[in-house]
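Per TrEMBL, the features are as follows:
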type: DOMAIN; residues: 33-274; note: domain 'G-protein coupled receptors family 1 profile'
type: TRANSMEM; residues: 22-42; note: transmembrane segment
type: TRANSMEM; residues: 49-68; note: transmembrane segment
type: TRANSMEM; residues: 102-128; note: transmembrane segment
type: TRANSMEM; residues: 140-162; note: transmembrane segment
type: TRANSMEM; residues: 168-192; note: transmembrane segment
type: TRANSMEM; residues: 213-235; note: transmembrane segment
type: TRANSMEM; residues: 255-276; note: transmembrane segment
Amino acid sequence: KNISDFSVNITDCTQVVVPEEVFFTVAAAGILENLLILIAVVRNKNLHLPMYFFICSLAISDMLGSLYKTLENIFIILCKMGYLTRHGDFEKKLDDAMDSMFILSLLGSIFSLLAIAADRYITIFYALRYHNIMTLRRALVILAIIWAFCAGSSIAIALFSYEAATVIPFTILFPLMMFFILCLYVHMFLLARSHAKKIASLPSSTVHHRTNMKGAITLTIFLGVFLCCWAPFVLHILLARFCPHNPYCACYMSIFHVNGTLIMCNAIINPMIFAFRSPELRSTFKKMLYCSR
(Lines of atoms letter the chains of each structure in order from A and count residues from 1; the text may use other names and numbers.)
(Lines give C-alpha, C1' and ligand atoms only; values in the text may rest on other atoms or scores of the structure.)
Protein backbone atom coordinates (compact mmCIF):
# COMPACT_ATOMS: atom_id res chain seq x y z
CA LYS A 1 0.00 0.00 0.00
CA ASN A 2 2.82 2.42 0.85
CA ILE A 3 4.55 1.67 -2.44
CA SER A 4 1.27 2.19 -4.31
CA ASP A 5 0.62 5.55 -2.65
CA PHE A 6 4.21 6.60 -3.29
CA SER A 7 4.01 5.68 -6.98
CA VAL A 8 0.91 7.85 -7.37
CA ASN A 9 2.72 10.83 -5.81
CA ILE A 10 5.85 10.75 -7.97
CA THR A 11 4.37 9.64 -11.32
CA ASP A 12 1.41 10.42 -13.50
CA CYS A 13 0.56 6.72 -13.71
CA THR A 14 -2.71 5.95 -11.95
CA GLN A 15 -3.25 2.67 -10.17
CA VAL A 16 -4.89 0.02 -12.33
CA VAL A 17 -7.44 -1.67 -10.09
CA VAL A 18 -8.99 -5.01 -11.01
CA PRO A 19 -12.53 -5.44 -9.58
CA GLU A 20 -12.76 -7.88 -6.69
CA GLU A 21 -15.45 -9.83 -8.53
CA VAL A 22 -12.94 -10.57 -11.30
CA PHE A 23 -10.38 -11.78 -8.75
CA PHE A 24 -12.83 -14.17 -7.12
CA THR A 25 -14.18 -15.47 -10.43
CA VAL A 26 -10.73 -16.17 -11.89
CA ALA A 27 -9.48 -17.71 -8.63
CA ALA A 28 -12.52 -19.98 -8.28
CA ALA A 29 -12.19 -21.13 -11.89
CA GLY A 30 -8.50 -21.94 -11.38
CA ILE A 31 -9.17 -23.93 -8.21
CA LEU A 32 -12.03 -25.94 -9.77
CA GLU A 33 -10.17 -26.71 -13.00
CA ASN A 34 -7.05 -27.98 -11.24
CA LEU A 35 -9.15 -29.94 -8.77
CA LEU A 36 -10.75 -31.61 -11.79
CA ILE A 37 -7.28 -32.59 -13.05
CA LEU A 38 -6.43 -34.17 -9.69
CA ILE A 39 -9.71 -36.11 -9.56
CA ALA A 40 -9.22 -37.35 -13.13
CA VAL A 41 -5.72 -38.67 -12.41
CA VAL A 42 -6.87 -40.36 -9.19
CA ARG A 43 -9.86 -42.05 -10.84
CA ASN A 44 -8.12 -43.26 -14.00
CA LYS A 45 -5.54 -45.95 -13.24
CA ASN A 46 -4.06 -45.52 -16.72
CA LEU A 47 -2.89 -42.09 -15.58
CA HIS A 48 -1.00 -43.43 -12.57
CA LEU A 49 2.32 -42.64 -14.23
CA PRO A 50 5.25 -40.45 -13.13
CA MET A 51 4.49 -37.85 -15.80
CA TYR A 52 0.91 -37.34 -14.60
CA PHE A 53 2.02 -37.26 -10.98
CA PHE A 54 4.36 -34.39 -11.87
CA ILE A 55 1.46 -32.72 -13.65
CA CYS A 56 -0.62 -33.13 -10.48
CA SER A 57 2.17 -31.43 -8.57
CA LEU A 58 1.94 -28.48 -10.96
CA ALA A 59 -1.85 -28.45 -10.55
CA ILE A 60 -1.50 -28.29 -6.76
CA SER A 61 0.88 -25.34 -7.13
CA ASP A 62 -1.64 -23.55 -9.33
CA MET A 63 -4.40 -24.21 -6.80
CA LEU A 64 -2.28 -22.73 -4.02
CA GLY A 65 -1.69 -19.60 -6.08
CA SER A 66 -5.41 -19.11 -6.70
CA LEU A 67 -6.22 -19.87 -3.06
CA TYR A 68 -3.65 -17.32 -1.93
CA LYS A 69 -5.20 -14.54 -4.01
CA THR A 70 -8.67 -15.49 -2.76
CA LEU A 71 -7.64 -15.34 0.89
CA GLU A 72 -5.72 -12.12 0.30
CA ASN A 73 -8.79 -10.43 -1.18
CA ILE A 74 -10.96 -11.64 1.70
CA PHE A 75 -8.37 -10.25 4.13
CA ILE A 76 -8.39 -6.86 2.36
CA ILE A 77 -12.21 -6.74 2.37
CA LEU A 78 -12.33 -7.50 6.09
CA CYS A 79 -9.77 -4.75 6.73
CA LYS A 80 -11.88 -2.26 4.78
CA MET A 81 -14.97 -3.27 6.75
CA GLY A 82 -13.14 -2.75 10.04
CA TYR A 83 -13.16 -6.36 11.24
CA LEU A 84 -9.38 -6.60 11.03
CA THR A 85 -6.55 -4.11 11.48
CA ARG A 86 -3.48 -3.90 9.27
CA HIS A 87 -0.90 -3.83 12.07
CA GLY A 88 -2.20 -6.28 14.69
CA ASP A 89 -0.29 -9.36 15.84
CA PHE A 90 -2.92 -11.76 14.49
CA GLU A 91 -3.04 -9.95 11.17
CA LYS A 92 0.75 -10.02 10.94
CA LYS A 93 0.81 -13.80 11.44
CA LEU A 94 -2.01 -14.22 8.92
CA ASP A 95 -0.13 -12.11 6.41
CA ASP A 96 3.03 -14.20 6.91
CA ALA A 97 1.01 -17.39 6.40
CA MET A 98 -0.45 -16.06 3.14
CA ASP A 99 2.97 -14.91 1.94
CA SER A 100 4.32 -18.36 2.71
CA MET A 101 1.49 -19.90 0.64
CA PHE A 102 2.30 -17.61 -2.29
CA ILE A 103 6.01 -18.44 -2.21
CA LEU A 104 5.17 -22.15 -1.88
CA SER A 105 3.02 -21.84 -5.01
CA LEU A 106 5.82 -20.15 -6.96
CA LEU A 107 8.55 -22.56 -5.87
CA GLY A 108 6.25 -25.55 -6.34
CA SER A 109 5.49 -24.46 -9.90
CA ILE A 110 9.17 -23.94 -10.74
CA PHE A 111 10.33 -27.29 -9.39
CA SER A 112 7.32 -29.13 -10.83
CA LEU A 113 8.15 -27.74 -14.26
CA LEU A 114 11.76 -28.76 -13.73
CA ALA A 115 10.67 -32.31 -12.82
CA ILE A 116 8.39 -32.46 -15.87
CA ALA A 117 11.21 -31.25 -18.12
CA ALA A 118 13.59 -33.88 -16.73
CA ASP A 119 10.92 -36.58 -17.15
CA ARG A 120 10.40 -35.60 -20.81
CA TYR A 121 14.16 -35.61 -21.37
CA ILE A 122 14.49 -39.15 -20.04
CA THR A 123 11.43 -40.27 -22.02
CA ILE A 124 12.87 -39.06 -25.32
CA PHE A 125 16.53 -40.03 -25.03
CA TYR A 126 16.33 -43.06 -22.72
CA ALA A 127 13.03 -44.48 -23.93
CA LEU A 128 14.06 -48.13 -23.63
CA ARG A 129 15.25 -47.65 -20.03
CA TYR A 130 12.65 -45.07 -18.99
CA HIS A 131 10.58 -47.42 -16.82
CA ASN A 132 13.71 -48.56 -15.01
CA ILE A 133 15.01 -45.02 -14.49
CA MET A 134 11.76 -43.24 -13.61
CA THR A 135 9.77 -45.68 -11.51
CA LEU A 136 6.59 -44.68 -9.72
CA ARG A 137 8.28 -44.98 -6.34
CA ARG A 138 11.19 -42.83 -7.48
CA ALA A 139 8.78 -40.19 -8.80
CA LEU A 140 6.96 -40.07 -5.44
CA VAL A 141 10.29 -39.68 -3.61
CA ILE A 142 11.25 -36.81 -5.94
CA LEU A 143 7.91 -35.08 -5.29
CA ALA A 144 8.28 -35.56 -1.54
CA ILE A 145 11.74 -33.95 -1.62
CA ILE A 146 10.50 -31.10 -3.82
CA TRP A 147 7.57 -30.21 -1.58
CA ALA A 148 9.57 -30.59 1.63
CA PHE A 149 12.20 -28.20 0.27
CA CYS A 150 9.57 -25.76 -1.05
CA ALA A 151 7.67 -25.77 2.24
CA GLY A 152 10.80 -25.10 4.30
CA SER A 153 11.99 -22.41 1.89
CA SER A 154 8.60 -20.69 1.79
CA ILE A 155 8.42 -20.50 5.58
CA ALA A 156 11.98 -19.16 5.84
CA ILE A 157 11.45 -16.57 3.11
CA ALA A 158 8.12 -15.42 4.57
CA LEU A 159 9.64 -14.97 8.04
CA PHE A 160 12.79 -13.19 6.85
CA SER A 161 11.51 -11.54 3.67
CA TYR A 162 12.75 -8.12 4.77
CA GLU A 163 16.34 -9.32 4.90
CA ALA A 164 18.32 -8.62 1.73
CA ALA A 165 20.20 -11.89 2.17
CA THR A 166 16.90 -13.74 1.73
CA VAL A 167 15.24 -11.52 -0.86
CA ILE A 168 18.19 -11.53 -3.27
CA PRO A 169 18.53 -15.35 -3.51
CA PHE A 170 14.76 -15.60 -3.94
CA THR A 171 14.73 -13.13 -6.82
CA ILE A 172 17.72 -14.84 -8.41
CA LEU A 173 16.17 -18.31 -8.11
CA PHE A 174 13.30 -17.60 -10.52
CA PRO A 175 15.35 -16.51 -13.58
CA LEU A 176 18.06 -19.07 -12.79
CA MET A 177 15.65 -22.01 -12.72
CA MET A 178 13.85 -20.75 -15.83
CA PHE A 179 17.17 -20.43 -17.66
CA PHE A 180 18.10 -23.99 -16.65
CA ILE A 181 14.78 -25.36 -17.90
CA LEU A 182 15.09 -23.44 -21.16
CA CYS A 183 18.60 -24.82 -21.69
CA LEU A 184 17.28 -28.32 -21.02
CA TYR A 185 14.55 -27.92 -23.62
CA VAL A 186 16.89 -26.42 -26.24
CA HIS A 187 19.30 -29.29 -25.73
CA MET A 188 16.42 -31.76 -25.89
CA PHE A 189 15.06 -30.48 -29.19
CA LEU A 190 18.48 -30.17 -30.82
CA LEU A 191 19.29 -33.78 -29.95
CA ALA A 192 15.82 -34.87 -30.99
CA ARG A 193 16.42 -33.54 -34.50
CA SER A 194 19.62 -35.55 -34.85
CA HIS A 195 17.93 -38.67 -33.47
CA ALA A 196 14.85 -38.30 -35.66
CA LYS A 197 16.51 -39.85 -38.72
CA LYS A 198 17.69 -42.87 -36.76
CA ILE A 199 14.32 -43.40 -35.13
CA ALA A 200 12.50 -42.93 -38.43
CA SER A 201 14.27 -46.02 -39.76
CA LEU A 202 12.59 -48.09 -37.03
CA PRO A 203 8.86 -48.38 -37.83
CA SER A 204 7.96 -49.67 -34.38
CA SER A 205 9.54 -46.63 -32.71
CA THR A 206 8.10 -43.89 -34.91
CA VAL A 207 4.77 -43.59 -33.12
CA HIS A 208 6.45 -43.72 -29.72
CA HIS A 209 8.87 -40.97 -30.75
CA ARG A 210 6.06 -38.77 -32.04
CA THR A 211 4.17 -39.25 -28.80
CA ASN A 212 7.21 -38.24 -26.74
CA MET A 213 7.83 -35.18 -28.90
CA LYS A 214 4.18 -34.19 -28.54
CA GLY A 215 4.62 -34.38 -24.77
CA ALA A 216 7.76 -32.25 -24.98
CA ILE A 217 5.93 -29.63 -27.06
CA THR A 218 3.05 -29.60 -24.58
CA LEU A 219 5.37 -29.00 -21.66
CA THR A 220 7.18 -26.29 -23.62
CA ILE A 221 3.82 -24.55 -23.92
CA PHE A 222 3.43 -24.90 -20.13
CA LEU A 223 6.79 -23.21 -19.65
CA GLY A 224 5.92 -20.34 -21.99
CA VAL A 225 2.60 -19.74 -20.25
CA PHE A 226 4.29 -19.88 -16.85
CA LEU A 227 6.86 -17.27 -17.87
CA CYS A 228 4.24 -14.93 -19.31
CA CYS A 229 2.05 -15.18 -16.20
CA TRP A 230 4.65 -15.12 -13.41
CA ALA A 231 7.50 -12.99 -14.81
CA PRO A 232 5.62 -9.63 -14.49
CA PHE A 233 4.96 -10.27 -10.80
CA VAL A 234 8.55 -11.33 -10.10
CA LEU A 235 9.70 -8.17 -11.89
CA HIS A 236 7.42 -6.21 -9.57
CA ILE A 237 9.14 -7.79 -6.54
CA LEU A 238 12.56 -6.87 -7.93
CA LEU A 239 11.58 -3.27 -8.64
CA ALA A 240 9.91 -2.84 -5.25
CA ARG A 241 13.09 -4.07 -3.58
CA PHE A 242 15.79 -2.32 -5.59
CA CYS A 243 14.30 0.86 -7.09
CA PRO A 244 11.08 1.82 -5.28
CA HIS A 245 11.79 5.56 -5.64
CA ASN A 246 12.42 5.54 -9.37
CA PRO A 247 9.45 7.08 -11.27
CA TYR A 248 9.62 4.46 -14.02
CA CYS A 249 9.70 1.62 -11.50
CA ALA A 250 6.84 3.17 -9.56
CA CYS A 251 4.86 3.52 -12.78
CA TYR A 252 5.29 -0.18 -13.51
CA MET A 253 4.25 -1.06 -9.97
CA SER A 254 0.94 0.73 -10.56
CA ILE A 255 -0.27 -2.35 -12.48
CA PHE A 256 0.25 -4.63 -9.48
CA HIS A 257 -3.35 -5.89 -9.61
CA VAL A 258 -2.98 -6.84 -13.26
CA ASN A 259 0.15 -8.87 -12.48
CA GLY A 260 -1.70 -10.64 -9.68
CA THR A 261 -4.52 -11.50 -12.08
CA LEU A 262 -2.02 -12.97 -14.55
CA ILE A 263 -0.84 -15.41 -11.86
CA MET A 264 -4.37 -16.70 -11.42
CA CYS A 265 -4.84 -16.90 -15.20
CA ASN A 266 -1.94 -19.36 -15.26
CA ALA A 267 -3.99 -21.69 -13.05
CA ILE A 268 -6.83 -21.53 -15.59
CA ILE A 269 -4.75 -21.96 -18.75
CA ASN A 270 -2.73 -25.00 -17.63
CA PRO A 271 -5.74 -27.36 -17.20
CA MET A 272 -7.01 -26.25 -20.61
CA ILE A 273 -3.68 -27.27 -22.12
CA PHE A 274 -3.89 -30.63 -20.31
CA ALA A 275 -7.37 -31.28 -21.69
CA PHE A 276 -6.51 -30.12 -25.20
CA ARG A 277 -3.23 -32.02 -25.58
CA SER A 278 -3.98 -35.26 -23.71
CA PRO A 279 -6.52 -37.68 -25.27
CA GLU A 280 -6.46 -39.82 -22.11
CA LEU A 281 -7.46 -36.88 -19.94
CA ARG A 282 -10.18 -35.84 -22.40
CA SER A 283 -11.58 -39.35 -22.28
CA THR A 284 -11.51 -39.32 -18.47
CA PHE A 285 -13.28 -35.96 -18.34
CA LYS A 286 -16.03 -37.27 -20.63
CA LYS A 287 -16.53 -40.35 -18.46
CA MET A 288 -16.70 -38.19 -15.32
CA LEU A 289 -19.26 -35.92 -17.00
CA TYR A 290 -21.43 -38.82 -18.13
CA CYS A 291 -21.28 -40.45 -14.68
CA SER A 292 -22.34 -37.20 -13.02
CA ARG A 293 -25.31 -37.06 -15.35
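Any Cβ shown, glycine's included, is placed from N, Cα and C.
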*Go through the chain and flag residues at least 6 beyond the ends of the transmembrane segment (140-162) whose CB is under 8 A from any CB in it; none is fine as an answer.*
53-54, 57, 96-97, 99-101, 103-104, 107-108, 111-112, 115, 170
*Quick one: average pLDDT across the domain 'G-protein coupled receptors family 1 profile' (33-274), no decimals.*
79
*May I ask for the residues of the chain that lie six or more residues beyond the transmembrane segment (22-42) and have a Cβ under 8 Å from a Cβ within it?*
48, 52-53, 55-56, 59-60, 62-63, 65-67, 69-70, 73, 260-261, 264-268, 270-272, 274, 281, 284-285, 288
